[in-house]
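As recorded in TrEMBL, the features of this protein are as follows:
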| type | residues | note |
| --- | --- | --- |
| SITE | 31 | site 'Transition state stabilizer' |
| SITE | 38 | site 'Transition state stabilizer' |
| SITE | 176 | site 'Positions MEP for the nucleophilic attack' |
| SITE | 235 | site 'Positions MEP for the nucleophilic attack' |
Ligand SMILES: Nc1ccn([C@@H]2O[C@H](COP(=O)(O)OP(=O)(O)OP(=O)(O)O)[C@@H](O)[C@H]2O)c(=O)n1
Ligand SMILES: C[C@](O)(CO)[C@H](O)COP(=O)(O)O
């Protein structure tokens, strides 16, 4: 499916940046195992991918959504998008060999947008992202060029090093109060992400686990803002995580029903 202009009506005006959300679904889910990438697994009657895409389609701040899907399963992603009538989806495209390559493919897909427009990058494997989290990320982009959503760590997070005979030894205990667990979406002014990726992709030693980290490393002068994520915005990674997501969805639905009573 090609990249198209978003429909008029919800589209950005001259005074407001255009907001594209890219749902990154290019992974194969090696840690989950099984025959299917985890973004295609069923979760409460819909594919994990559909939950993530639907959240961005429903967000009033988002003008269009692109999906970057692992090559062999492009047709399934197109079927999911068409079947669910996710009208803001403007393109379903192949992802890259790494998450960073998939982010770069998303960036290439919006090459026609202005430097002042916005790109939100989101893991398809985080199907429980909420409207409040998306909204908080976009709002922070009014005054920041790069924004990540994160939650505090309840556990003490430590750094380890290899010890003798294959053991692991404690190396450092960073102060917990300044530690966060990074989630997605991570949002960017396109000009900022373009400059960061230009340097990153020229670095043969590039290794990154998220896109805010790419900006921090390759555009050191650029402040990266961190805003509140959501404990329930889990990343489906290991066997059992879909079941956890099912429970979280059920609790969310029960809380919403209770609030209406
Ligand atoms: N080449 C890749 C690798 C990952 N991702 C996406 O990045 C998100 C977070 O990555 P991760 O949880 O690591 O997914 P997988 O790479 O599928 O999992 P694994 O590392 O266990 O193989 C997922 O939505 C995944 O589809 C991607 O778009 N392109
Ligand atoms: C981007 C991310 O979700 C932030 O927590 C995470 O780093 C993705 O890592 P993965 O190894 O690709 O799952």
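Including glycine, each Cβ sits where the backbone N, Cα and C put it.
Take the CB of residue 176 (site 'Positions MEP for the nucleophilic attack') and look out to 10 A: across all protein chains shown you find 14 other CB atoms. All protein chains considered, the CB of residue 38 (site 'Transition state stabilizer') has 28 other CB atoms within 10 Å. Annotation note: residue 31 (site 'Transition state stabilizer') sits in a coil segment as assigned by DSSP. For ligand 2, the neighbouring recorded sites among 31, 38, 176, 235 are 235, by Cβ distance under 6 Å. Across the structure, residue 38 (site 'Transition state stabilizer') and residue 31 (site 'Transition state stabilizer') place their CA atoms 9 angstrom apart.
Taken residue by residue with DSSP, residue 38 (site 'Transition state stabilizer') is part of a helix. Reported as a whole number, the C-alpha separation between residue 31 (site 'Transition state stabilizer') and residue 235 (site 'Positions MEP for the nucleophilic attack') equals 12 Å. On a Cα basis, residue 176 (site 'Positions MEP for the nucleophilic attack') lies 21 Å away from residue 235 (site 'Positions MEP for the nucleophilic attack'). Annotation: 235 carries the greatest number of neighbouring Cβ atoms among the recorded sites 31, 235 [cut-off 10 Å, Cβ to Cβ].
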